[in-house]
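Peer 1: For reference, TrEMBL lists these features for the protein:
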DOMAIN    5-242  domain 'Nucleoside phosphorylase'
BINDING   S12, R54, H55, S87, A88, T186  phosphate binding site
SITE      S167  site 'Important for substrate specificity'
BINDING   M185, D209, D210, D211  substrate binding site
SITE      V220  site 'Important for substrate specificity'
Amino acid sequence: MTSNRLGLIGGSGLYRMPALSDGEWIAVDTAWGAPSDSLLLGTIAGREVAFLPRHGRGHRIAPHEVNYRANIAALKAAGCTEILAVSAVGGFHADVPPGSFVLVDQYVDRTTRGGRSFFGDGIVAHAAFGHPTCTRLGAVVAAALAEEGGLHRIGGTMLVIEGPQFSTRAESLLHRSWGCDVVGMTGLPEARLAREAELCYASVAMVTDDDAWSDIHVDVASVIAIMEANVARAQALVEAVAAGTWGGIHCPQGCDHALDGAVITAPLAWPPATKRRLATLLPRLFG
Ligand SMILES: CSC[C@H]1O[C@H](OP(=O)(O)O)[C@H](O)[C@@H]1O
Ligand SMILES: Nc1ncnc2[nH]cnc12
């Protein structure tokens, strides 16, 4: 398999990649189970890519049901070194109105779901997550957003709720008062797992609504209407990112070595089955 693919995770409303040529859907299984769907392998603007619809084609998988570990492991197994994730989100203030795109660079976690780490079962690691996204890939995305020319914001905090219900008005007002910019249901644990998998990860949030803090509360119909109106912009953005210069395997921020010094369990204590499973994801450390 190619070893510098760009992984693309499509969220609500982004289930296809028309710009992708020579596409082939390939079923992938992982040591953490099956991903949300087969991977669509092909090229966009000359870059080899792997596209995965986060909720599966037909939007069959709820945010709390997504096998995030399998999704990230499958993209890594397909040779991805970078992941661009796209999500529909609610916005918390006038700088991020519906229709705007936000390059997310921080998260606040309000999820309760499991499957948030590849570690456990006898091998413990604590990855640094102070800067949860890749600045190098982020710079490519920022340039693409500028080139695309639509309303956007570089940098923003995504608050991630468990879902699948939207927030109450009280929660929305609280999250807004915390200084968060947007709210979604899927950015975590996805970004955490990309870090543990030593992949560069960037997230573009497409604002579809004002959540529940204003007088008009979010519903699925309004999310889908805004997504449909902006899907061509999202596709153009993905194309521009794919065409952007790939800086090489060695990420200056260290995403590709994110686990250096993070594994605290003594190698002699590693349970063989856990080591074998981790070796499928991180051969550099466990192979
Ligand atoms: C369809 S509205 C709620 C749904 O939309 C977002 O999906 P994604 O993050 O995959 O774009 C949100 O997180 C919910 O899953
Ligand atoms: N307001 C919202 N809350 C959580 N996820 C969303 N996805 C789109 N809009 C959302």
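Including glycine, each Cβ sits where the backbone N, Cα and C put it.
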Peer 1: Highest CB neighbour count within 10 A among the binding-site residues D210, D211?
Peer 2: D211
Peer 1: Could you state the whole-number distance in Å separating the C-alpha atoms of S167 (site 'Important for substrate specificity') and T186 (phosphate binding site)?
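Peer 2: On Cα coordinates alone, these residues lie 14 Å apart.
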Peer 1: Cα distance, D210 (substrate binding site) to T186 (phosphate binding site), nearest Å?
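Peer 2: Rounded to the nearest whole number, the Cα-Cα distance is 17 Å.
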Peer 1: Select, from H55, S87, T186, D210, each of the binding-site residues with a Cβ positioned under 6 A from at least one atom of ligand 2; if none does, say none.
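Peer 2: Checked binding-site residues vs ligand 2; nothing flagged, none.
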Peer 1: Find the one among the binding-site residues S12, H55, A88 whose C-alpha lies closest to that of D211 (substrate binding site).
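Peer 2: Checked the binding-site residues S12, H55, A88; minimum Cα distance to D211 (substrate binding site) goes to A88.
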Peer 1: Under a three-state reduction of DSSP output, how is T186 (phosphate binding site) classified: helix, strand, or coil?
Peer 2: coil
Peer 1: For S87 (phosphate binding site), which residues in the same chain are close in space, meaning a Cβ under 8 Å from its Cβ, but six or more apart along the sequence?
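Peer 2: Spatial neighbours, sequence-distant, of S87 (phosphate binding site): G11, S12, M158, G184, T186, G187, S203, V204, A205, M206.
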Peer 1: When the Cβ positions of the recorded positions S87, S167, D209, D210, D211 are compared with the atoms of ligand 1, which fall under 6 Å?
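Peer 2: Checked recorded positions vs ligand 1; flagged S87.
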Peer 1: Out of R54, H55, M185, D209, D210, point to the one nearest V220 (site 'Important for substrate specificity') in space (Cα versus Cα); all of them are binding-site residues in the record.
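Peer 2: Ranked by Cα distance from V220 (site 'Important for substrate specificity'), first place goes to D209.
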Peer 1: Look up H55 (phosphate binding site) in the DSSP assignment and report helix, strand or coil.
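Peer 2: In the DSSP reduction, H55 (phosphate binding site) maps to coil.
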